[in-house]
Amino acid sequence: MAIVGLFILLLPFLVRQIASDYTNFSLQNQKKKVLQNIKKNGLDYYFQGDDNYGSYTMLKEEYISLETTTSNLRIDTIKTTQRIVEQDTLTYRVLSFTFKTGNKNYLLEIGKTTASINLYNDSLQRFALYVLVILIALSIIIDLIFTRQLIRPLSHIIKLRLSSTKFPFKKNQTRIKTSTTDFRYLDDSLISLMNQINEAFDKEREFTANASHEFMTPISILQNKMENLLSEESTTESDQRHIVDMMRTLERLKKISRSLLLISRIENEQFIKQETVEPSKLFAEIQEEIEHRLEEKNIKININLQKNHLLQQVNYDLLFQLFYNLVNNAIKFNSKNGNIVISDDIKNNKYIIQVEDNGIGIAEHQLPFIFDRFKKFESTQTSGHGLGLAIVKSIIIYLNLEIEVKSKPGTGTKFEIIFKL
Amino acid sequence: MKVLIIEDEKTLAYEIEFFLKKAFFLSDLAHSFSDGLEKIKLNKYDYILIDLGLPDGDGLTLLEKAKKYNPDAAYIILTARGKLEDRVNGLDLGADDYLAKPFFLPELQSRMQAIARRKFNVNEELLLLGNFRIELQKRFIFFGEQLIELSRKEFDLLSYLLLHKNRVLTRIQLSEHIWGTFADDDYDSNYIDAHIKNIRKKLNVYEPTDWLETVRGVGYRIKK
């Protein structure tokens, strides 16, 4: 581009140079012609008996003159100078040439007005510019076609490896077909990077599973000790209350460990996906299970599953857990006397179940983080360990579903669970 | 009733033994695979509790072998592994129940009782609370000839308290029994209170329910 720019900047100079070269060349040509004529026909061809000859075109753009001059003058130049032709002073490009015939010295002058030179100077410039523009356009088009062809493996790599991959990555990635070593190298590096990420992820998963397992035995011991202590005859009522407080704290630890264990079990694919679930039955069960919470806040739930599409190749317990958590949240983040609506729809070959509440909603800047583990927001001072939606997300990934959230603070939240048909 | 507890965590084994003793079970303890197998070969037990993560062998293998020597015993698997296939395999190998650690001790006893009802055809004496008559298997509660409608959860709660009569049960112990252990992130639930209130309301129509006590700050107890 810089080269093209420089070229365009230099263009007037170049054209002027070309034009003046061309003028010089045509002046020389004319000189040759004149000399040839003289040789062939003698000087009288021009002089016709006179001792000088002059001729110019109608608009005085060109002139030619031949005259005798002092015998010792010798010139052969081309320069820009002024001449007076019939009272008009004009600037000419003039070729002056002296030659001897017999014993006389003659001066031949052929001139061309600079104005007329500039005239085709301009048109030449314009023409050159057109050619240039066409060339540039042509080269851009060719470049595009050519580079697109050339870098097709690159866009393929980006699409396959970077933009369309969902985490965790599939194992055993196939290599992309390309004969370009650089692309091969890039692709191999990306595959190895993905493998490394997978490995790190596996390790983290294993750690979570192991850690939560390891917690279970000590929690078990503490819990059972407290239970026995609680029912000792020697334990006073005030001691009992302290023990219950401890048990409640331990319960918290237990729930966190259990939830982490559940997430890691889902991520390690320890659930069978071979059940068929009828949404209306699933929600009836969830409603029964959660009735006491609805009653406590006097929340109305409206289960309106018109399509009630059978869900195949799923896991009942996981779907139960998924929707239980969503409904539970819809209760938890709802106000007294609130509403929850469960509805479904079939659109674009997809079956969608919606869980909608008119509760406190989620601020927009918090939306991207609601599925993160242990994420709690200041606005939600309710009990909970912050793993409910993390569990939801792991189930969504495992069952190959999609989830969408729309929320407006103060108005409510809508979760959409999308099943591919 | 004789129980063998095969559990390598000694403290845990002692706590289970301690609890079962109060419920009139006699327990033997084994802390390893070999020790457990030894005791199974020598003695007859009514219940055998097997921890899956033993240091010198797999609990499921032990279960398989134990069945030869003690075919009539009731087997309960205890595990902290919590893997689905453990549960499936365990039940396939003839275990009668499966408890994921950590479990509440009253829950263990309630499972043992349920197995007894199923397996040993133990017919409980007619359970009476004041003038209320309770049939656990059929899940009925009568006042005289009048059948009283309790919801499933209300009946579960009442029978669980009844099984552990004279022992105070905490709200956490009760809710885990009623709602199970699935990941629910409300740890301070007072929903049990609502159910107790409903039970009292339904029964008080016929007769005061003084036997159902609230132990302030702790939980509930049936006194008999």
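One-based numbering along the chain as shown.
Cβ atoms here come from the backbone N, Cα and C positions, even for glycine.
Just so you know, TrEMBL annotations never went through curation; they're auto-generated.
Database features (TrEMBL):
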DOMAIN    B:2-116  domain 'Response regulatory'
MOD_RES   B:D51  4-aspartylphosphate
DOMAIN    B:124-224  domain 'OmpR/PhoB-type'
DNA_BIND  B:124-224  DNA-binding region
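The DSSP breakdown of the DNA-binding region (B:124-224), given as helix, strand and coil counts, is 35 helix, 23 strand, 43 coil. The predicted model assigns the domain 'OmpR/PhoB-type' (B:124-224) a mean pLDDT of 86.
In sequence order, B:I6, B:E7, B:D8, B:E9, B:G59, B:L78, B:T79 are the residues of the chain that are 6 or more apart from B:D51 (4-aspartylphosphate) and have a CB within less than 8 Å of its CB. In the domain 'Response regulatory' (B:2-116), helix, strand and coil residues by DSSP number 55 helix, 29 strand, 31 coil.
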